[in-house]
Amino acid sequence: MVTASLPTPVQPEFDTTIHRRKTRPVPVGAVTVGGGHPVVVQSMINEDTLDVDGSVAGIRRLHEIGCEIVRVTVPSMAHAKALADIKQKLQATYQAVPLVADVHHNGMKIALEVAKHVDKVRINPGLYVFEKPDAQREGYSDQEFAEIGEKIRETLEPLVISLRDQGKSMRIGVNHGSLSERMLFTYGDTPEGMVQSALEFIKICESLDFRNLVVSMKASRVPVMLAAYRLMVKRMDELGMDYPLHLGVTEAGDGEYGRIKSTAGIATLLADGIGDTIRVSLTEAPEKEIPVCYSILQALGLRKTMVEYVACPSCGRTLFNLEDVLHEVREATKHLTGLDIAVMGCIVNGPGEMADADYGYVGKQAGYIALYRGREEIKRVPETDGVQELINLIKADGRWVDP
C-alpha cells in the first residue's frame, strides 16, 4: 500500500507590526502629538498652581524622568495668572516644558488668560458651559438643545480664535462621569453621548478654521472607555476627521490594580493602532505614572526606552535560582537601552524562546550556564562567572556603555 505524502503546509506571513491610525500632527510646545510621531507620555502635577515654586519643582521632576507634556489645573483667574510666573521661572531655572492647563466650570475668561501662557488648553465639554441640573426636567426640546449649543459656541469662540492665532492647541477632553445634562437626556449615559459631546465642540472649532485638536474619551470603567474611543474613531472616519487621541482610564486607583486597569484600557487601544498620547492616572505621586507609561509602550513595541528582558517563569527543570540571577543580570545591564537580554532556566525551551534576543543566559547543566549571541551559543561558563562573562561578551561586541 502506497501512502501519499501530505504537502508541507505553507506558513502564512504574519505581520506583528502595530499599524497606527493616521492622524494629523498637533503641536504642543516643542512636542508633536499625532502625525506618525512616537506616542507621547504625559502626566499632571498635584501642586496648587498658586504655589509657583512648588509647581515649577513638580513640573521639573516629571519632565526629568521622561514626562513629555505636563498638565496643571487652573480653577480660578488667580491660578491662571500664576502660570505666567511658572512659565518664566521654568525657563529661567530649567528649560521650557510643554504645558497644558485644565479649565472647567464656566471657564471662558480663565481660558483666555491661560491661553497666553501654556501650549495647550484642555476643556471638558460637559463643564465648559455649566448647566445647573433641574430635578423637574424631563427632557430637552430641539429648540432648547440648539439654544444651549449656540451659547456654547459664543463662549468657546474667543478661546478658539486665541489659540488659532497663536498656533497653540486644545484638547477636547470628554469624561463619562461629567456629561452635560442635555447630552444625558438626549443620548443617555452612553459612549454615544460622549462622542456627540466631543463632535459638537470639534465642529465649532472647525467652523472657525481651528484644527490643532486632540480628543480624549475617558471613563473609569475600562469597557466604557474602550467603547467610547472605538466609537469616536468610527465617527471621525465617517466624517473625514483625523484628530489624534489622548488615551487614559480616569480614576484608575492605585497600586497593582490601578496599573493593571490602566494597562487594560490603554494597551488594548494602542494594540489596535488607536492612540497618540497617553496618561496613566494613579492615586499616587505623579512620578509613579511615568514608568508605567513607558512599560506599556515598550511591551507593545511602540517605543524602546529600556532593556527588554525575556525570562521563563521557572519550573522543575530550572538549573539555577532564576529569580536571583535575573535580578543580578538586570542590575548589571539595565542601563543598556535598546538591548534584548534573555535569562532562561534550562536548554529545553531556552534557546528557542529567546531566539529574538540579542544575548542569552541559559542553564546548561548543574553549576554551568551557556551564553548566547542571538541563536549562537558562544561559550559555557561556571554559573558563578555568568553575569560577568555576559558583560564581557557585550563589551567584546562594542555594545557596552558604562552606567
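Numbers run from 1 along the shown chain.
Quick reminder: no glycine exception, Cβ is built from N, Cα and C everywhere.
Listed features, source Swiss-Prot:
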- CYS312, CYS315, CYS346, GLU353: [4Fe-4S] cluster binding site (BINDING)
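Where Swiss-Prot records a feature, it is marked here on the structure.
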residue	record	CB count, 10 Å
CYS312	[4Fe-4S] cluster binding site	21
CYS315	[4Fe-4S] cluster binding site	11
CYS346	[4Fe-4S] cluster binding site	20
GLU353	[4Fe-4S] cluster binding site	16
For GLU353 ([4Fe-4S] cluster binding site), name the DSSP secondary structure in the helix/strand/coil scheme.
-> helix
